[in-house]
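Pulled from Swiss-Prot, these are the features on record:
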- Cys82: active site, nucleophile (ACT_SITE)
- His169: active site (ACT_SITE)
- Glu171: active site (ACT_SITE)
- Ser223, Gly224, Gly225, Val226, Asp227, Ser228, Ser229: ATP binding site (BINDING)
- 5-195: domain 'Glutamine amidotransferase type-1' (DOMAIN)
- 196-388: domain 'GMPS ATP-PPase' (DOMAIN)
Amino acid sequence: MKRDLVLVIDFGGQYNQLIARRVRECNVYCEVHPYNLSVDEIKQMNPKGIIFTGGPNSVYGENSPLCDKAIFELGVPIFGICYGSQLMSHILGGKVATAPVSEYGKTKVDVNIESKLFEGVSSSTICWMSHTDYIEKAPEEFKVIGNTPVCPVAAMECEDKNLYAVQFHPEVMHTEEGTKMLSNFVYNICGCTGDWKMDSFVEKTIEEVRQKVGNGKVLCALSGGVDSSVAAVLLSRAVGKQLTCVFVDHGLLRKNEGDEVEEIFGPNGQYDLNFIRVNAQERFYEKLAGIEEPEQKRKIIGEEFIRVFEEEAKKIGTVDYLVQGTIYPDVIESGLGKSAVIKSHHNVGGLPDYVDFKEIIEPLRLLFKDEVRKAGLELGIPEKLVFRQPFPGPGLGIRIIGEVTAEKVKIVQDADAIYREEIANAGIDKEIGQYFAALTNMRSVGVMGDERTYDYAIALRAVTTSDFMTAESADLPWEVLGKVTTRIVNEVKGVNRVMYDCTGKPPATIEFE
């Protein structure tokens with residue numbers, strides 16, 4: 001049975017993925033496509049609704065992204081957001097101009113609650129504005145259904161044609177009733193049924209993979225991260241022992257993480273698959289000896305991983321399919337819009353060029369990260385793995401500033417384990433987007449037990465974020481930071497100082513290297 005589809009047409013807005021996530025939270029399937037998607041392509045997709053995103057341009061500017069006017073004649077409900085609202089007005093005969101007063105931040109908007117878009121919404125509601133242009137005059141067929149003191153057309157509708165537009169951003173959390181507005185659009189206006197459920201997705205994908213693979217052999221590079229783990233379990237459910245997972249332990253994992261991965265996926269684990277663990281720690285340390293530049297470290301770790309994986313793949317022999325944990329943000333960012341679960345060979349991550357196989361299987365390519373976690377829970381994967389903290393591909397190699405050595409790896413592993421343990425003990429682990437300890441390349445003088453020390457400084461990092469594109473430093477309780485600091489300097493040999501990084505992103509990145 002074909003599911004309902006809402007298309008998000010991307011005009012360059014920073015929140016395009018967030019819009020799609022919010023729609024999916026309403027249990028409606030949603031895809032993001034570029035603004036130059038043709039009307040014929042849209043017809044073939046047969047969407048129940050279309051959402052135009054925001055964007056940084058002015059609709060009257062040269063080379064600004066526009067859309068075909070024919071899209072408004074398809075009879076499909078359309079919801080324009082910010083730039084998308086201005087675009088709708090501009091193409092249909094309204095007037096868009098530079099606003100006398102720009103609006104940015106939380107703004108009280110008066111709305112007409114008789115509109116289907118604002119059913120169940122307060123007549124005066126807090127919304128997030130971010131615009132320098134505005135709709136000075138709505139198109140003739142449109143009715144104004146929202147305004148602020150300086151924005152006469154904060155929302156408008158043409159109910160007969162199911163066209164709706166708002167100047168604010170209903171998708172961001174600062175718009176207090178934004179989720180309700182999006183729900184009204186997909187249900188009250190588009191007539192969606194809410195058929196996007198994770199249990200049905202998992203069942204359908206397992207059956208698709210089973211039919212495709214048949215008796216073929218499948219190979220998966222298992223990192224122990226959320227994406228590759230969920231992909232591996234899903235494939236295991238579909239084809240069992242036809243799947244071989246290769247886990248390369250490069251010695252740059254968090255404390256005990258390699259053993260935890262083997263405990264879950266290895267011979268004594270709960271999954272029906274073949275598991276190979278390659279202990280390549282010394283090999284990676286040798287390659288990284290004397291290397292301090294971050295990008296060079298990344299490159300060495302990536303290339304060596306491919307070499308190790310290639311060697312193991314050759315031992316297995318020819319495989320029919322290679323599994324990759326590609327998720328939907330990767331698809332959007334690569335400009336690929338098609339939604340097939342299994343597709344032909346293309347190079348993602350370097351591995352396909354070095355392994356002999358027929359096709360790639362990407363079972364998670366329709367899912368956002370939060371949906372991957374939901375799929376993991378649906379598959380019965382332990383919560384400690386499903387909600388594992390994000391971890392970079394190069395591992396601790398980029399959480400050790402400067403040269404990587406076995407001694408430094410142990411220091412940062414021990415410090416990070418203490419930090420994660422105390423965050424969990426305080427019950428705030430689910431409130432923080434990402435948190436970890438890093439080893440600086442700085443040594444400082446200290447005093448411990450009446451003895452002078454000259455040891456390393458550990459930097460603690462914790463951020464809150466909804467999308468990892470921007471982030472703010474987490475306001476951790478001093479009591480927690482104090483306990484973490486005391487434990488690290490007392491329990492981790494080679495450390496006499498602990499610092500907390502208060503920098504946001506931007507200007508800093510979340511990782512140190």
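Backbone N, Cα and C define each Cβ position, glycine as well.
Sequence features annotated in Swiss-Prot and their locations in the structure.
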{"residue": "Cys82", "record": "active site, nucleophile", "Cβ within 10 Å": "26"}
{"residue": "His169", "record": "active site", "Cβ within 10 Å": "24"}
{"residue": "Glu171", "record": "active site", "Cβ within 10 Å": "27"}
{"residue": "Ser223", "record": "ATP binding site", "Cβ within 10 Å": "21"}
{"residue": "Gly224", "record": "ATP binding site", "Cβ within 10 Å": "21"}
{"residue": "Gly225", "record": "ATP binding site", "Cβ within 10 Å": "18"}
{"residue": "Val226", "record": "ATP binding site", "Cβ within 10 Å": "24"}
{"residue": "Asp227", "record": "ATP binding site", "Cβ within 10 Å": "19"}
{"residue": "Ser228", "record": "ATP binding site", "Cβ within 10 Å": "20"}
{"residue": "Ser229", "record": "ATP binding site", "Cβ within 10 Å": "27"}
Given the ATP site Ser223, Gly224, Gly225, Val226, Asp227, Ser228, Ser229, its other Cβ neighbours within 8 Å of the Cβ centroid, in chain order, are Leu222, Val230, Ala231, Ala232, Gly325, Arg388
